[in-house]
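Q: Got a structure for you, written out below as structure tokens; questions coming shortly.
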Amino acid sequence: MGGTNDSSPNHFILVGFSDHPCLERILFVALLIAYLLTLLGNTMIILVSQWDPHLHTPMYFFLTHLSFLDLSFTTSSIPQLLYNLNGHDKTISYAGCTIQLFLFLGLGGVECLLLAVMAYDRFVAVCRPLHYMIVMHPQLCLGLVSLAWGCGVANSLIMSPMTLWLPRCGYHKVDHFLCEMPALIRMACVNTAAIEGIAFILAVGIVLSPLVFILVSYGYIVRAVLSIQSSSGRHKVFNTCGSHLTVVSLFYGNIIYMYMQPGTSSSKDHGKFLTLFYNMVTPLLNPLIYTLRNKEVKGALRRLILGNLTFGKTL
């Protein structure tokens, strides 16, 4: 840790991987490529879901929001990380750190809840197929998404100020590559048991409760699938639900490890790479998971590409 001489009081120093310059160069190239692919893949999902009438369903309404969240989630930290990896300047302003922490906590919380909403959508589609469009009407879909956004933002409004207001006794070096809650809590020069307890309680509501809801929903889905006589019907359900379960496993696994033990108990080195994973790898893989396993999205992409080619030939 460094003292006040290391940086002005209105700045933080993001240590990140500065002790490993070779790793920084490799990470810069890898993250730049991954970030561009993430922008491309998630933008493609949003555009296809909006342009193709076949995808104007609740499932793709939620998937559009998930892709937008992934775009926002990565953009909240990856450009700053690329800037720091590419030069000797590792600083971030206090305002920049505040915004980054708020967005990171808020968008992460929204995604946890949105994945639970998507599980409910799959539950209704599989267990009550004849009433699906009646139950999942546009007003309910919009209400569920608004609830997810509201709870995620509220969680961030509580935790961000509490984390930033912790006394640090002049220390400004963040042993991470972004302003993340566990790293900022570790910087405190006071006992952090109270804020860690509050973080744990909120994590139960934002992380564990949606996960339990997802598992219960899929318990009912599995029971319904086993009663389907047609093998093609079972295969179709497994394809759509399998994509969602894969995304849930990737996202929740890392989030639970990081935020159910937010302070000094979590490994610093593991924390950095796990943060990289759910901040970059998961948003990168989500479009691939939903397109490779989903015939509807692949069909929409095919129609979009063929339509553009046909339009080009007529010019």
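These residue numbers are counts, starting from 1, taken along the chain as shown.
Placement of Cβ uses the backbone N, Cα and C atoms for every residue, glycine included.
What TrEMBL records for this protein is below:
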- 26-48: transmembrane segment (TRANSMEM)
- 41-290: domain 'G-protein coupled receptors family 1 profile' (DOMAIN)
- 60-79: transmembrane segment (TRANSMEM)
- 99-120: transmembrane segment (TRANSMEM)
- 140-158: transmembrane segment (TRANSMEM)
- 197-221: transmembrane segment (TRANSMEM)
- 242-260: transmembrane segment (TRANSMEM)
- 272-292: transmembrane segment (TRANSMEM)
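Could you place these features in context, so I can see how deep they sit and what lies close by?
A: Residues 17, 55, 63-64, 67-68, 70-71, 74, 78-79, 81-82, 85-86, 276, 280-281, 283-284, 286-288, 290-291, 297, 300-301, 304 of the same chain, all 6+ positions outside the transmembrane segment (26-48), place their C-beta atoms under 8 angstroms from a C-beta of that stretch.
Distant neighbours of the transmembrane segment (60-79): 31, 35, 38-39, 42-43, 45-46, 49-50, 99-100, 103-104, 107-108, 110-111, 114-115, 117-118, 121, 141, 145, 178, 247, 279-280, 282-283, 286-287, 290; these residues of the same chain sit at least 6 beyond its ends, with a Cβ under 8 Å from one of its Cβ atoms.
Nonlocal intrachain contacts for the transmembrane segment (99-120), taken as residues 6+ away from its ends with a CB within less than 8 angstroms of a stretch CB, comprise 59, 62-63, 65-66, 69-70, 72-73, 76-77, 80, 92, 144-145, 147-149, 151-153, 155-157, 159-160, 163-164, 178-181, 184, 206-207, 210-211, 213-214, 217-218, 244, 247-248, 251-252, 255.
Taking Cβ pairs closer than 8 Å, the transmembrane segment (272-292) reaches residues 16-17, 31, 34-35, 37-38, 41-42, 44-45, 63, 66-67, 70-71, 73-74, 77-78, 176-178, 180, 243, 246-247, 250-251, 254-255, 257-258, 298, 301 in its own chain, all 6 or more past its ends.
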Q: Would you kindly list the residues that approach the transmembrane segment (140-158) from elsewhere in its chain, counting only those six or more residues past its ends and only Cβ-Cβ distances under 8 Å?
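A: Result: 58, 61-62, 65, 101-103, 105-114, 116-117, 120, 198, 202, 205-206.
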Q: Using a Cβ-Cβ cut-off of under 8 Å, list the residues of the same chain that are 6+ residues beyond the ends of the transmembrane segment (197-221) and lie near it.
A: 109, 112-113, 115-116, 119-120, 122-123, 126-127, 151-152, 155, 158-159, 162, 181, 185, 237, 241, 245, 248, 252, 255-256, 259-260, 262
